[in-house]
Amino acid sequence: MADYHNNYKKNDELEFVRTGYGKDMVKVLHIQRDGKYHSIKEVATSVQLTLSSKKDYLHGDNSDIIPTDTIKNTVHVLAKFKGIKSIEAFGVNICEYFLSSFNHVIRAQVYVEEIPWKRLEKNGVKHVHAFIHTPTGTHFCEVEQLRSGPPVIHSGTKDLKVLKTTQSGFEGFIKDQFTTLPEVKDRCFATQVYCKWRYHQCRDVDFEATWGTIRDLVLEKFAGPYDKGEYSPSVQKTLYDIQVLSLSRVPEIEDMEISLPNIHYFNIDMSKMGLINKEEVLLPLDNPYGKITGTVKRKLSSRL
């Protein structure tokens, strides 16, 4: 180590853009027991800290480093003493702990993902302590806080896989010498929704209810009315319609990012077997797939 220090030479042509270190995928199952009625939150948490000095990078000096094993243990202890009311509140608790406990921590960033457990229910009666894994959209959040500022909270849903068998088409696109895709007025539309939004303020927000509301709005706009659906001329239009509906219904959010892969299902040609397949048997293709993204935010004038 001494030889390393003696051979160190500063490079004046380089500067740090951003640094961080931490612990990823710290898993916790928190059980809240109210008599025989139990509630659970299972989460996977990742923590990144930025320190005021760079001597660990520049000199191999570890004297300012909070070990990542300590970070893991801190997440466990905060779950015990603070509980997990919502993953957003848990993320804020973690940021605030490290910023208040260590003066040389200048930035804390926390990602929390909730494992989707749902309480068992039958005929309107909820089970007191049994749950079923229901992967119908994963709730996640990102919390970032600088020493000089309030926490910035993003929430989102991912892995929300949806499909409709009609009321979707794709026409009027550019055709050149490499185009083989035919226009279609009626097709299957399947996607796996990734949707993330930012809260413009964090006080008195019911994060759980807001997440549920936005998830329901995504499904509402994708599917349309239950008796007839709603036509989608493109994935892009559906994506934008989800954003417009969400920001109009949920005043707590400032912007929204959505990514929608276009998961393809193609009609299987059975003509060589003397059969006519009228879009009854389709072939799912995992890849390649189209990917449509978009982010919108409120204009400044709309907030005045």
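From the backbone N, Cα and C atoms, a Cβ is placed for every residue, glycine too.
Secondary structure at K23 (active site, charge relay system), taken from DSSP and collapsed to helix, strand or coil, is strand. Annotation source Swiss-Prot lists active site, charge relay system at K23 (among others), citing similarity to another entry.
Secondary structure at T68 (active site, charge relay system), taken from DSSP and collapsed to helix, strand or coil, is helix. Look at Swiss-Prot and you will find T68 (among others) tagged as active site, charge relay system, backed by similarity to another entry.
The Cβ of H264 (active site, charge relay system) lies under 8 Å from the Cβ of A190, P284, L285, Y289, G290, each on the same chain and at least six residues away in sequence. Under DSSP, H264 (active site, charge relay system) is assigned to a strand (E or B) in the three-state scheme. Annotated active site, charge relay system per Swiss-Prot: H264 (among others), in sequence order.
Per Swiss-Prot, urate binding site is recorded for T68, D69, F170, R187, V235, Q236, N262, and the stated evidence type is similarity to another entry. Around the Cβ of T68 (active site, charge relay system), the same chain contributes Y21, G22, K23, each under 8 angstroms and 6 or more positions distant in sequence.
Look at Swiss-Prot and you will find K10 (among others) tagged as N6-acetyllysine.
The annotation N6-succinyllysine is assigned in Swiss-Prot to K10 (among others).
The N6-succinyllysine annotation in Swiss-Prot covers K23 (among others). Cβ neighbour count for K23 (active site, charge relay system) (all protein chains, 10 Å cutoff from its Cβ): 19.
The feature N6-acetyllysine is assigned by Swiss-Prot to K27 (among others), with similarity to another entry given as support.
Residues or ranges marked as N6-acetyllysine in Swiss-Prot: K122 (among others). Take the CB of K122 (N6-acetyllysine) and look out to 10 A: across all protein chains shown you find 7 other CB atoms.
Under the DSSP three-state reduction, K175 (N6-acetyllysine) is assigned to coil, being neither helix nor strand. Positions annotated as N6-acetyllysine by Swiss-Prot: K175 (among others).
Around the Cβ of K185 (N6-acetyllysine), the same chain contributes G169, E171, each under 8 angstroms and 6 or more positions distant in sequence. The feature N6-acetyllysine is assigned by Swiss-Prot to K185 (among others).
DSSP gives K221 (N6-acetyllysine) a helix state. The local packing around K221 (N6-acetyllysine), expressed as other Cβ atoms within 10 Å of its Cβ over all shown chains, amounts to 19. Under the heading N6-acetyllysine, Swiss-Prot lists K221 (among others).
The C-beta environment of K228 (N6-succinyllysine), restricted to residues of the same chain at least 6 apart in sequence and closer than 8 Å, is empty. What Swiss-Prot records for K228 (among others) is N6-succinyllysine, and it gives similarity to another entry as the kind of evidence.
Following the DSSP three-state reduction, the secondary structure of S232 (phosphoserine) is strand. In sequence order, Q167, S168, G169, F189, F222, T238 constitute the residues six or more apart from S232 (phosphoserine) in its chain with CB-CB distances below 8 Å. The phosphoserine annotation in Swiss-Prot covers S232 (among others), and the record cites similarity to another entry as its basis.
For K278 (among others), the entry in Swiss-Prot reads N6-acetyllysine. For K278 (N6-acetyllysine), the Cβ neighbour count at a 10 Å cut-off comes to 8, with all displayed protein chains included.
What Swiss-Prot lists as phosphotyrosine is Y289. Y289 (phosphotyrosine) falls within a strand segment according to DSSP.
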K122 (N6-acetyllysine) versus D69 (urate binding site) - Cα distance in angstrom: 42
Cβ packing number for K175 (N6-acetyllysine), 10 Å threshold: 11
Distance, N262 (urate binding site) to K27 (N6-acetyllysine) (CA atoms, angstrom): 32
Winner by Cβ contact number (other Cβ atoms within 10 Å) across the recorded positions F170, Y289: F170
